[in-house]
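Colleague: Pulled from TrEMBL, these are the listed features:
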- 1-98: domain 'Peptidase M16 N-terminal' (DOMAIN)
- 132-308: domain 'Peptidase M16 C-terminal' (DOMAIN)
- 323-641: domain 'Peptidase M16 middle/third' (DOMAIN)
- 770-870: domain 'Coenzyme PQQ synthesis protein F-like C-terminal lobe' (DOMAIN)
Amino acid sequence: MLFLGTSKYGSDYDEYISERGGSSNAYTDMEDTNYYFGVMDGEGFEGALDRLGQFFISPLFNESSISSELLAVDSEYSNSLTSDNWRQFQLSKHLSNPNHPYSKFGCGNYFTLTSGGDRKVGLPSSGSSPRPSLLEFWERYYHASNFALCCMSRLPLPELEKAVIRSFGAVREKPSGWKRDSWGVEVPWGPSETGVVREYVPVKDIRKVSITFPIPALSDASTGARRVKPHRVISHLVGYEGSGSFREALVKEGWGKGVTAGVGTEGEGFCTFSVTVGLTTEGSNNTDEVVGLFWKWLKLIKDNREELKQYHEEQCKLADMFFTFASPSNPTDFVSHASEMLFKYPPNEILTGPSLMDPYDDDVYSAFLERLKPENAIITISDPSFPEEPPERRAFSAAGEWETEPYYEAPYRQSKLSPEALALANPSTPDPRLTMPAFNRFIPSDFDVIDEKTGSRVSASLLPPPPPPSSSPIIPKSFSLRPNFKVYHATTTSRYPSPKTACYIHLTSPLPYYSPVTMTLCRIFERVLKEDLNVRSYDASLAGASFNVGVHPNGFRIVASGFSEKLPELLKSVTKRINTLLTEMDSPTPPPALVKSFNIQAESLLIETQNFELDPPYEMASYNLRLLLEERVWHIDEYASALKSPSLTMRECASVVRSCVTGRVKVNTLTMGNVDEGEVRRIMEGVRDDVLGEQEGKPELNDNELPQFRSMQVPTEGEMKYLFNDTNPVYPIIYQEKVKGSEENCAVEYHLQAGCEDSLQIPGSFHLELLSHMAYTSAYATLRTKEQLGYVVSAFFRKTAGGGVGLSVAVQSRDKTPKEIQDRIEEWVKSFRKELSEMSASRLNAEALAVVAQLTEKDTKLSHSVGRAWGEIYAREGTGREPKWNRLEEIADVYRKREGNLKEELLERFDGWFVDKEKRRIAAAWVWGKGKEEGFEEWKGRDGVMSSREEVTRLKRGLKCLPNAGLL
C-alpha cells in the first residue's frame with residue numbers, strides 16, 4: 001500500500017526509481033518489514049530518499065488501492081497453494097502453540113483480510129474493508145521509535161545527514177504509552193508441541209526428514225549465543241560432508257542425498273535449529289535407520305566436548321579470514337541488511353557483529369546442546385507415498401487419523417514420540433561408520449598478492465590503493481597450449497587487491513546434446529562426479545575454495561574459485577578424478593559403491609525431471625515457449641523416457657562422457673585474479689594432461705563440427721496463412737498445455753520477436769534494451785497494479801539460442817483464462833505504444849540514461865569482471881571471432897553519440913517489431929489451470945494452435961532459422 005501513493009508525491013515512486021536506472025522493493029519477515037531502493041543516478045538519490053520517507057509520514061491508503069492490493073495478496077496466496085515450502089511453513093504455524101502469534105495464518109487472503117469477503121463479489125458488497133485495521137497498524141508500528149535507517153551515497157557525510165533529516169525528520173515519535181511487543185513466557189513450541197513425529201504428504205515427489213529443535217532467540221543477549229555463535233560450530237559438525245560423517249554414511253547406505261543444518265525460523269524470544277536429510281526412495285523405506293543414525297551422530301558430537309573448543313577456534317579463524325577478505329556487497333543489499341542489523345547490534349557492530357565470533361564459552365555451548373534432545377524435537381517426515389501405511393510399523397512414525405491444514409489443505413498427522421522412538425533417539429553404543437571431522441588442512445595461510453608492477457608477491461596492505469570502480473572491462477591476454485586450446489588470463493590485483501582467483505574451463509563438444517540419451521548420461525555423470533568429489537573437496541569449500549562441474553548442451557564446464565593458495569590443488573584433484581572415475585565406471589567389475597551411486601543419481605534425476613511438471617504455470621509457459629522458439633530442444637518427457645530405459649548403463653555413461661571430455665574437443669579457459677601468466681600456464685598444462693591426455697593422432701575438432709544452437713524465425717500472420725493453408729489461422733502462434741497437478745492458476749508468456757543480434761546490430765540492441773526497460777514498469781503498473789490479473793506479472797528482454805531476441809510478457813492468473821490474459825497483454829501493447837508516443841523528451845532521456853547506467857555499471861569485485869569477460873568469450877564460441885570486450889560500451893554509445901530523434905527511432909522500431917501486421921512476429925505459450933481444462937479442448941485443433949510437442953516439431957520443420965553469425 002505504501003508504494004501506491006503518498007500525499008506529497010502521489011504514486012510516482014516506482015516511475016521515479018525506474019527513470020534513474022534503479023529498483024525498489026520490500027519484504028516482510030517474521031516480525032519486521034524492510035523497505036529498500038537503489039538508483040544508478042547519484043543525482044536522483046535525494047529525490048528517491050524523500051519519496052521513501054513519505055511512506056512513514058503521509059501515506060494515502062486510498063480505498064480503491066486497498067481493493068486492488070487485496071486481490072494482489074490473494075493472488076500471492078493462490079500462487080503458493082501447491083508450494084511445498086509454503087504448505088510446510090503454514091503447517092508448522094498451525095501446529096504451534098495457539099496462544100502465541102506465530103500460530104496465526106502467515107500469508108493472508110481475501111477472505112481473512114476482509115472478514116469473510118468474496119473476491120468475486122468485492123467490497124463493499126461482500127466483507128468489510130481492512131482500511132481501519134491498516135491505519136491502526138501503521139499508527140502502532142510506523143514511527144521513529146520502531147524504525148532503523150541505513151543509507152549509502154556518494155554525498156559527503158554531512159550532506160547525507162542533512163538529506164536524511166530533510167526526508168525523515170518529520171517521521172513522528174512513538175504514540176503515548178507504546179512499548180515493543182513482547183510475548184512473555186509464551187513460546188511457539190513448548191512441551192506440548194515438541195517430542196513429536198509428524199508425517200506430511202508433499203505435492204511433489206519430495207522425500208526428506210527434518211528434525212527441528214526450538215532454541216532461545218539468538219538475539220537474546222543474555223544467553224551469550226549471539227556473540228559466541230555456537231550454532232555455527234554445531235551446524236558445521238552436524239552438516240559435515242567429509243570422511244566419516246553422518247552424510248557420508250547415509251550416501252554409502254543408499255539412504256540419503258544430502259544433509260543441511262542450521263538456524264531456521266527466528267523471532268522475538270524464539271528460534272529453531274533444524275537438520276534436514278534428503279532421502280532416496282530406499283531411504284524413505286528406512287526412516288528408522290536414518291533418524292536413528294542421526295541421533296548416534298549427535299551423541300558422538302556431544303561426547304567429544306573437549307574438541308569443541310578447537311572446532312570453535314577453527315570457525316573463528318575462518319570467520320576472521322572471510323571478513324578480512326570479503327568482496328564489496330551490492331549497495332542495495334548492504335543497506336537492507338544493515339538496517340535490519342541495527343535492531344540486533346549497536347551501530348559500531350553492524351559489520352562485525354553478524355560475522356565474527358567471540359571466544360569459546362563452555363556454558364553457552366552446554367545450554368545450546370541441552371536443547372538438542374528428542375523430547376525437544378519435532379521430527380517431520382515427507383513422503384509422497386503417504387498416507388499409505390508401510391508394510392511394517394516404524395518407531396519414527398505418527399499414529400492416529402490423517403488431518404488437513406485449513407489454509408493450504410496439506411494432509412498430515414502427528415503424535416508424540418513412542419517409547420521405541422525415544423529408545424532409538426538415546427543410543428548407548430557408538431557407530432563405527434561415524435568419526436569426528438578432521439581439522440581443516442585447506443585453510444590458507446598465504447594471503448600475499450602479486451604486485452603487477454614488479455611481479456613480486458607482497459602483502460595487500462603494501463599495494464597502492466586500488467583505483468575507483470570502473471566500467472571499463474579488464475581485457476585478458478591470451479595464449480594457446482595447442483590448437484583448439486585457448487587460454488585467457490589476467491592479473492587483477494591492481495584493481496582488486498585480494499588473494500583470490502577464479503578459473504573457468506569449457507570443453508566444447510557436439511556430443512552431449514546429440515540425443516536425450518547422451519545428455520541424460522552426461523547429467524548422471526556430473527552428479528556422480530560431484531558426489532564422489534564432495535568428500536574429498538568438502539574441507540576446501542569450507543575454507544573458501546570451491547568448484548563446480550556442469551554439463552551444458554555444448555560441452556562440460558569446470559569452474560573453480562577462491563583463495564589462490566589452495567586453488568591449484570583443488571582444481572588438480574577435480575581434473576585428475578574425471579579420468580580415473582571414468583576408468584572405474586568402464587570397468588567390467590566397478591566398485592559396488594560406485595554402482596550404488598550411479599543408480600541413486602539416476603533415480604534422483606528422474607524424480608527431479610518428473611517434478612518439473614508440477615512447477616508454477618508461468619515457469620511451464622517459459623519452458624514451452626523455448627520449445628517453440630528454438631530449433632532443437634529435447635523435451636522433458638524425452639529425458640524421462642531415457643532415464644527409465646533399462647539400457648542406461650554405467651559403462652555406456654563412461655563411453656559417452658569420455659568422448660565428450662577427452663575426445664575431440666575445443667577448449668577455452670579464463671583465469672583471473674591473484675595469478676600470473678606462469679602460474680596460469682602450469683595450471684592449464686595440468687588440465688591438458690589430466691583431462692585430455694594424449695591427443696597425438698586425433699584430428700582436431702573444426703568449426704563446422706562445433707555445436708550450433710539457433711532460434712526459429714517466428715512466422716508473421718501472412719506466413720501463417722501459407723503454412724496452414726488457411727486464410728484465417730489463429731495469430732499469434734500458440735503452444736498450449738494443461739497443468740498436470742492441482743494447480744488452479746493459468747499462465748501466458750507472450751513473446752514479440754525483434755529478430756536476432758545479427759539483424760539488430762548495435763543500434764537495434766540498444767533500442768530493444770530501452771523498450772524492455774520501460775515495458776517492465778508499464779506492464780506491471782497496468783496488468784498487475786491496475787487490472788490485478790495476478791501476482792506474477794513481468795515484461796522483460798528475452799534472449800534465445802543463437803542470439804534470438806525479443807520482448808516477453810509473462811502473466812499468471814487465478815481468475816483469467818489464457819485467452820483473457822493474452823487479450824489484456826495485447827491491449828497493454830497498444831497502450832504502451834500510446835504511452836511512448838506521448839512521453840516527454842525529458843522522461844525518455846531519463847529512461848535512456850538509466851539503461852546506459854545499467855549497461856556501463858562499474859565492476860566492484862572480481863566476480864563481476866570475471867563474469868563479464870567469460871560472457872564475451874562464451875558468446876563468441878563457434879563464430880571464429882575474438883571476444884568483443886567493449887560490447888556493452890558500444891551499445892551504450894548508441895545513446896551517448898546519437899544524432900537522430902530518439903523517440904522517432906523507438907517508435908519506428910516498435911511499430912516494425914510489435915505493431916505492423918505484415919512484419920510483426922509473435923508467439924505465445926498458454927498453460928491452462930485445473931478447472932479450466934475445457935478451454936484447452938476448445939482451442940485444440942485450430943490452425944495456429946499447437947497442443948502437443950509433436951505438433952510443435954512438425955511446425956518448426958516449415959520455419960526458417962534466424963542467422964547465428966554473432967556479429968555483435
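Each residue, glycine too, has its Cβ placed from N, Cα and C.
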Colleague: Considering only the recorded stretches 1-98, 132-308, 323-641, state which has the highest number of Cβ pairs under 8 Å to the domain 'Coenzyme PQQ synthesis protein F-like C-terminal lobe' (770-870).
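Modeller: Per the Cβ under 8 Å count, 323-641.
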Colleague: Do you know the mean pLDDT across the domain 'Peptidase M16 N-terminal' (1-98)?
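Modeller: Reported value for the domain 'Peptidase M16 N-terminal' (1-98) is a mean pLDDT of 93.
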Colleague: Just to be sure I understand, if DSSP states are collapsed into helix, strand and coil, how many residues of the domain 'Coenzyme PQQ synthesis protein F-like C-terminal lobe' (770-870) fall in each?
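Modeller: Tallied per class, the domain 'Coenzyme PQQ synthesis protein F-like C-terminal lobe' (770-870) gives 65 helix, 20 strand, 16 coil.
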Colleague: Take the domain 'Peptidase M16 N-terminal' (1-98) and count its residues per DSSP category (helix H/G/I, strand E/B, coil), listing them in that order.
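Modeller: Taking each residue of the domain 'Peptidase M16 N-terminal' (1-98) in turn, the totals are 51 helix, 15 strand, 32 coil.
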